[in-house]
Each structure stands twice: as structure tokens, then as C-alpha cells.
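So the structure is just underneath, and the comments pick up after that.
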Amino acid sequence: MKTFLTFAFLSFSPWAWAQQQINPTQNLKNLVSYPLGVAVNPRLLHENESYRKIVASEFTGLTAENHMKMALIHPEANRFDFSQADDIVSFAQAHQQRMHGHTLVWHNQTATWMKEFQGDQKAWEDMLKNHIQTVVKHFKGKVKGWDVVNEAFLDDGSLRPNIWSDHIPDYLAKSFIWAHEADPDALLFYNDYGQDGKPKKMQAILHVVEDFKRRQIPIHGLGLQMHISILSKNEQLKEVIQQATATGLQIHFSELDVAVNPQNISDYQYDEPSKKEQIQKYELLFQAFEKVPMAQRYGITFWNVGDQDSWLRGYFKRPKEYPLLFDENYLRKPAYQALFQTLDKVQ
């Protein structure tokens, strides 16, 4: 596939899709040279045929939205539950899809027993090391890369207070070392959100990369979550992507969605102007990713399939939110159609 030299986003009409519908057998994944992934819910993979078919046909990579996180995969101190994560991995293998691991260490969705854990620094280190290495070894050879630490910094660039930072000095570095020991072939990522417009947060992340390189601590990539909205500032997004790319690490747009109703307006209408703005944001990100050197493009991952599956509706309880490429009936939305035609033009 040709590398993008230019991108005709500004001249492209968002509604060109209406005049030229896409054949159902055609899809976005065949128009890009990098993995196009999606975060999935194992229950929906089992129970919803439409969901399952889209995941199988439209994407070349999978991420477990929740079922590799601590609370679900390690619910008790002496018990791991890999069952649902294994189901996702098996699905990925059956469909020749790359599996990305999310996430080994996070301040949120930790198991209750971890929050109640008592012990000195060594006991805490042994506990976290055991968790990381047991999980990574279980999936060794099946998971290409891991979000080792997720969301470690506050917007002001300071280290987020949590049970790990409270009890384990330098827990970020140690987590990466332990993960690498468990699977030397796995690519290791630091993953975070909202760096655009928050320069101190981005600088803290870049400092970690520099520090790890100096100390020869393995780190291979940066996950830019890209939970953005139609209100996100284009120049700020592009600046963050450029800063991340300058590290030379693998770049992953790891949890992509574009919110259209970030203020959670109860009578919000998902009208044509909103759809147009959403299309423009999606196109901006795909354009920016094509400017990342090919060797650094780990991929783009959408944060679930249909609008009704979005965490914005579930976790944040925003029923009038439409952030993804497929609608409530798992039909391709204007954003999908526009992206397809724009990418197809530069083949």
C-alpha cells in the first residue's frame, strides 16, 4: 500500500458516502498497512451474532476491554481466572488477529484483596511481581504487546497517588522489568489518556521514556488512548502525536472513540453537523497516524464496536452518546463510510 503523501481531508465531502455505498465485503482493515483493532466484550462475542461477525470481519487486532484487568483476572490472592480472557485470545487466534494485552497495572479496577493487602515494601513488590509475571507467562506467545502501566500521571504531571505508588517506590520501572522477564518477546507499552492540552502530563510521560532509555529499562511503545470528542483541539492532538513519535517508540492509538455529546445533554440530537464534525476528527487521526514512520505504527484500536457497547454509555451513563463507527444495529455509520472512501482514494 502506498504511504500517504497527502490526505484530501479538507476537500472531501463527509456525505460522499451517501452517493457511493460500500460493498459489504469491503472493509477498512484492507485499506491500511497496520493492524486495525477493537476492544471486545466476551459476553457479546458469545451471545450477539452481529457483534461477533463484525469483530471477525472488520478488524485485525483484539484487545480485552476489561477481562485482563486485575479485578477480573486475579479476583482472589491465590486464584487467577483466565477463562474469559482465554476465550478472547482463542477468538483472535481463530481469526488470525493480533492480541494486545490490557492492562497489567492500573489504579482502577484493582481487586478488593489488593486494596486490603498488608505488608512491607518487599511483600508489596512480591505481590505485584507475581501478578504481572503470572499473567504475562500465561499468555506468552499469544499476546503481542502489553499495556504494562496504565494512567500513572495526573494532568499536572505528578505521579498519581494509588496503592502501587504508595507502597512500591519506582513501581513503573519495576513493572516493566518484571513484564520483560516474563516474556522477553512481548512489546511493552505505557498507556494514558488526555495528553492533548495537558503539556505537563505529556512531559511527565516523555520523561519516563527518557529515564527508561537511560537506565536500559525495556519500553517499546506508547499507547495514546484517544478518547477524544468533537470539541478536541486539532493542533493539540497533532502535537501530542508528534511528541510521541519523536521518541522512536511504537505508537498505538489504543482506545479510540470520538464523543459527540461530551456535555451529556439529555435532549441531544445526533444531527448532520455533529456527524460531520465526528467524521473530521476520525479523519484527522487517521491522517496523523499515516505520518508516523511505518516502522513505528503499532496500530489503531477502537474502544468497542457499536455505539450501545461504548463505555461512555455504560460507565459514564451517557445514553445520548454515539462515539463509534457502528450504530445500535451494527450498521456502518457515516464516519465509517467517509473513512473508507477517503482511505480508498489514496490506495
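Glycine residues also receive a Cβ, built from the backbone N, Cα and C atoms like all the rest.
Note that the coordinates shown come from a computational prediction; the quantities given were computed from them, not determined experimentally.
Marked as active site, nucleophile by TrEMBL: E255. Sequence-distant contacts of E255 (active site, nucleophile), defined by Cβ-Cβ distance under 8 angstroms and a gap of at least six in the same chain, are A39, N191, Y193, G223, Q225, M226, H227, T301, W303.
Residues or ranges marked as domain 'GH10' by TrEMBL: 25-342.
Under the heading signal peptide, TrEMBL lists 1-18.
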Within the predicted model, mean pLDDT of the domain 'GH10' (25-342): 98
